[in-house]
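According to TrEMBL:
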type     : residues : note
TRANSMEM : 7-23     : transmembrane segment
DOMAIN   : 26-169   : domain 'DUF4131'
TRANSMEM : 50-68    : transmembrane segment
DOMAIN   : 214-472  : domain 'ComEC/Rec2-related protein'
TRANSMEM : 238-257  : transmembrane segment
TRANSMEM : 264-280  : transmembrane segment
TRANSMEM : 310-327  : transmembrane segment
TRANSMEM : 333-355  : transmembrane segment
TRANSMEM : 367-389  : transmembrane segment
TRANSMEM : 395-418  : transmembrane segment
TRANSMEM : 423-443  : transmembrane segment
TRANSMEM : 455-476  : transmembrane segment
Amino acid sequence: MIRPHQWVTATGLGFLLGVLVASRFGLPWVTVVIGLVLLGVVFGLSPRPAIKLGTLCGIFLLLGWWRYDAVAVLPNNNVSRWAGQTVEMVGTAVSDPDFNGTQQNFQLRINSVNSQPAVGEVLLTTWQLPRYQYGDRLKFTGKITLPEITDDFDYPAYLAKEGVYALAQSQAEISVIGSRHFYLLRGLYQIKHWLEGKINQLLPEPQSSLMDGLLLGMRIQLPDDFKTALRNSGTTHIVALSGYNITVVVGFFLWMMKHLRRRWALLGAGIGVLLFVLMTGAAASVVRAAIMGWILLLTALWGRKRHMANAILLAGVFMVAINPLILQSDVGFQLSLSATIGLLYLTPLFSNLLSRWPAVLREGLSTTLSATVFTLPLVMFHFGGFSIVTLLANLLVIPLIPITMLVGFVSVAIFAVLPFMKLIGLMALAPTSLLITIINFFGHLPGAFVQVPKLSPLFPVAYYLILIIMLARLPYVKKVTA
C-alpha cells in the first residue's frame with residue numbers, strides 16, 4: 001500500500017527533476033502535451049498503485065519541464081534584443097541600489113526603448129550620486145550589453161534568476177520623471193538604510209560591516225580580505241541571512257514568549273520573523289531563507305520528521321514553481337535547501353555518535369557536520385574547492401552568532417532612541433571583534449581552502465545518490481520514510 005506522504009514525495013521530486021532536466025535539455029511542447037495525455041490515460045486506467053505512482057511522478061516531471069520552458073523563452077520585445085546599441089530607455093527601479101566605490105547599480109524594469117514598448121529588466125550601472133530609490137521612474141540614454149560568462153562564473157544565469165537578461169550603463173544625466181507608488185517596499189528600504197547608518201555610526205570598520213551582514217544581509221561593504229577569510233574558513237553563510245540566521249531570530253522570539261502556549265508562541269515568532277524580513281528589505285533570497293528557517297523550527301517543535309520532510313519538499317516545489325530558474329542558478333537556495341535536509345536527517349545520527357560528548361559541543365558539532373555533509377558537493381562544484389577548517393571554525397563561530405545578533409540589535413535600538421549613548425556600541429564591539437578574530441585566524445591558515453579541478457554537474461548528482469542509498473539503510477530513516 002502506498003501511503004499519502006509517499007504520493008507527495010513522488011510528485012514533488014518528479015516536478016523538481018523535470019525543472020532540472022529542462023534546464024539542460026529542450027523538449028518540444030507537442031511532446032510534452034502528448035506525454036501528459038498518455039500518462040494521464042495510464043494513470044486513469046491502471047488499477048495498480050505502483051503504476052499510478054510512477055505515472056503521476058512522470059506527469060509532474062513533464063509539468064516541471066513545461067514550467068521551466070514557460071519562463072526560459074523571452075518575448076520578442078525583451079530589452080535584450082537591443083544589445084550592443086546605445087538607446088533611450090524609460091523604466092522603473094525595482095531593487096534597492098548597491099553601492100560599490102564610485103558607482104551604484106540596481107534593477108530597472110524597462111517600459112520603453114527609443115519610444116517603442118519594451119519589457120524585461122536590466123541591471124543599470126551609473127554614478128553613485130545622485131542616489132536613486134526603489135520605485136523611481138527614470139529616463140536616460142545608455143548602452144545595452146549582454147552579460148558574459150567569466151572565470152567559470154555563469155553571470156548570465158546568475159542574473160536570469162532575478163529576471164535580468166541585459167546590462168545597461170549610463171554616464172550621462174538620468175532624469176527622474178516620476179515615482180511608482182510602492183510605498184511599502186520603498187519605506188522598508190529606507191528603514192534598512194537608516195539602520196545601516198546607525199550601525200556605521202555606532203561601530204568602527206570592519207565590525208560595522210560585519211554587523212550589517214549579520215542583521216541586514218549586506219555584504220558589499222565587507223573588505224575583500226575578510227571576504228576571502230570567510231570563504232576559506234567556510235563561514236560565508238553567517239553574513240548571507242541564511243536559514244540559520246532566520247532560525248536565530250525565531251529562537252529569540254520564542255524565548256521571549258516561552259511562557260505562552262505553543263500556538264501563541266509560534267504565532268508571535270511568526271510575526272516577529274515577518275517584521276525582521278520586512279526590515280531587511282524582503283528580498284526574495286531572504287524570504288526563501290525565512291521559509292527554510294521556519295521549517296527547521298517546526299521540525300524541532302513538532303518532532304514529526306515524516307511530515308517535515310514533505311514540508312521541506314513542498315516548500316522547495318512552491319519556490320521553484322514561482323521561479324524555476326533558482327533550482328539551477330541560485331546557489332543560496334541550493335545550499336539552504338540541502339543544509340535544511342541535512343539537519344533533518346543527519347543530526348540524530350551525529351548526536352548519537354557523539355552521545356558521550358558534552359551537550360554544548362555535541363549539539364554544535366552534530367549540526368555543523370550535518371549541514372557540511374549535505375552542502376559539500378555543492379560547495380565544491382560552485383566554488384571550486386572546500387574548506388578543511390570549516391568544522392572547527394563553525395564550531396566556534398556559530399554559538400557566537402545569536403549573541404552577536406541580539407547584542408547588536410539591542411545596541412542599535414538604544415542608540416537610535418538615545419543618540420548620546422554611543423558608548424553602548426562597546427556592547428556589540430566585543431562579540432563582533434571576537435568573530436572577526438576567529439574568522440581571520442582560520443581563514444588565513446595555510447591550506448585552509450583546498451581547490452579542486454572543475455567538476456562535472458554529475459558529481460553532486462552521484463554524491464547525493466550515494467548519500468541517499470547510505471541513509472536509506474539507517475533504521476530511523478526507514479521509520480521516517482515508511
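Note that Cβ sites are derived from N, Cα and C of the backbone, with glycine treated the same way.
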By a Cβ-Cβ criterion of under 8 Å, what residues six or more beyond either terminus of the transmembrane segment (310-327) are in contact with it?
5, 8-9, 12-13, 15-16, 19-20, 22-23, 64, 67-68, 70-72, 157, 160-161, 284, 288, 291-292, 295, 298, 333-334, 337, 340-341, 344
Need one number: mean pLDDT over the domain 'ComEC/Rec2-related protein' (214-472).
78
Out of 7-23, 50-68, 333-355, 395-418, which stretch has the largest tally of CB pairs under 8 angstroms to the transmembrane segment (455-476)?
333-355
Counting Cβ pairs closer than 8 Å, which of 7-23, 50-68, 367-389 has the most of them with the transmembrane segment (333-355)?
367-389
